[in-house]
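Novice: Following this message is one structure expressed as structure tokens.
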């Protein structure tokens, strides 16, 4: 029985064109959105482990770390208020991703969404850096921000609109190189996280204990660069067609993007996809109610869920905390995190070179196996060497750090970028914005679960927590092997055929998808005539 669907690697060649300077600069500018999220991810764990920050806002945790209160090694950082500082960004983002972002991105376009998100990040950086109490610090991350034309505050524009970056990259990129172009977001995310961790290390050494303000406030730098760059970006042809733009203008833009006059086939596919979703139903309604979109809904919910349940953000948020738990000093833990993120970045570059050479499924499964081995070994070392009191024996002290590096490397050349790439490839235009909102919302739900629950789970499950994450890696590997079709090289507006030919999803989709496909082909032929 076939468990996946292989696609001809040259399928994307049926569209003409080349990589132009115009599209390369546009995608590079849009990908800067990843640096904003990467910086935020890097500051979360680093600032949360700084003694000066803990002393000012979380004195109970600080006393535990100083040994003034007797508590298990695994429970020194256990504080729901401390985890709320990390997860508040994602709680707010969940609400707004569900309520408004898909509508705005579909109706107003990808570019305006990115601009608004960048401005909101600037406001959040100012509030966080100037916090005078813990609730202001949390507010800076949740960002209760007022939109100029609305009287009522809307939570967290920065998260709900920056999802537009992923749509922008997937729609602008040539089909043959969509993996590498879309991975630009992941690469800048890594670079942003690397910069944040390096700044955390230096800021922690500033006399006076105000270094954490510098770490949080400097988030304004990538936000400003991104916002300025986004004002000069063109809108994607897919979005312009969806908004009803004159086809002649869209064709001219597509010719400029692809560097060729032979764009009629790609434009016809974009128009047909837009027409298929123009029946009056919202994209979210179609996604949730129509049988033909069941596979896309499953990918939108499960891939981001698995990405969080494998434990990566627990390590991303709390690596310095975890390393301090096993006995590292504050500065050494922050420095070790810088090295780990450097490994993350280097592995992402490897992925960028490999993504359009190897199958998506191959990279996902291979990365899963590497992550599984690392999680099991981390759990085994901590179970054997770290008790409630004392530290890990000297000969084993470096083991968790090394294994975290191996784990992060496996994630960064597989699930990290793939979780952002694959969903943008499998959503048809009529539900693409709504499906991307569901993807982001699912990611937020499980990020909140991990961010808010990790320290409490570490306190109660101890080393067993890493076996918990390893179990989820087994589950997500099975999902890829049996249920995820191959999409490498497939033109984005033709990727629906992989579901019809899949051993399982072909039965789920049934005749509804076949009939919809027939209508699209007829409309495409009529347009060509």
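In case you wondered, yes, glycine gets a Cβ from its N, Cα and C as well.
As the structure is a computational prediction, the values presented were derived from the model and not from experiment.
According to TrEMBL, the feature domain 'Major facilitator superfamily (MFS) profile' maps to 26-488. The transmembrane segment feature in TrEMBL is assigned to 81-103, 115-140, 214-233, 297-320, 332-355, 361-384, 396-414, 434-458, 465-484.
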Novice: Do we see three or more Cβ pairs under 8 Å linking the transmembrane segment (396-414) and the transmembrane segment (465-484), pairs being at least 6 apart in sequence?
Specialist: no
Novice: Per-residue pLDDT averaged over the domain 'Major facilitator superfamily (MFS) profile' (26-488) comes to what?
Specialist: 79
Novice: Same chain, outside the transmembrane segment (465-484) by at least 6, Cβ under 8 Å from its Cβ: which residues?
Specialist: 3-4, 298-299, 302, 306, 309-311, 314, 360-361, 364-365, 368-369, 371-372, 375-376, 378-379, 382, 415, 422, 454, 457-458, 504-505
